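The feature domain 'Transposase IS30-like HTH' is assigned by TrEMBL to 9-43. Annotated region 'Disordered' per TrEMBL: 32-73, in sequence order. As annotated by TrEMBL, compositional bias 'Basic residues' applies to 51-61.
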Amino acid sequence: MPKIKKPPLTERERGRIDGLFEAGSSKRAIARSLGHSPDTICRALAPKPPPKARKAAKPPKRSGAPPALTDREVRRLVRTASRGEHSAAQLKAELGLGVHVRTIQRVFLWVDWLVFTKMVNTLPLNPEDMAARFTWATEKLLLKDAVLLGFHYLL
């Protein structure tokens with residue numbers, strides 16, 4: 001036998017249900033006298049929930065592994081790196097971060113105002129040292145060219 005959906009309760013029926021319940025009638029007795037199911041009577045007597053206030057929509061939860069660095073650690077890292085005195089490996093050691101150097105370099109890629117410059121690891125040469133280095137290099141190149149041309153017996 002298919003279920004027949006009855007129309008919703010009118011305000012008058014809700015008032016009768018409240019009145020009979022306050023007079024001391026049981027929910028089953030009210031259901032029999034009005035011709036509704038006991039579940040309908042229970043729902044009519046249940047307290048109305050307060051209207052829900054519209055909340056700001058939360059972004060969906062992020063999937064995948066949690067970030068290796070917290071926002072606070074990223075701010076510390078960028079602030080220290082902006083001084084321009086340390087490499088990524090030195091920053092990792094100084095700040096005591098438990099991430100790979102490549103992770104630190106990846107963080108720097110997202111900072112648009114931080115510009116990468118290659119550190120100069122050699123001391124600047126004075127003119128005498130530059131001349132000595134040039135003569136040494138030309139001698140080595142001449143020796144290499146002589147060997148390649150087959151003049152190795154002259155050496």
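Placement of Cβ uses the backbone N, Cα and C atoms for every residue, glycine included.
Source: prediction; values computed, not measured.
Note on the domain 'Transposase IS30-like HTH' (9-43): mean pLDDT across this stretch is 91. The helix, strand and coil residue counts that DSSP assigns across the region 'Disordered' (32-73) are 14 helix, 0 strand, 28 coil.
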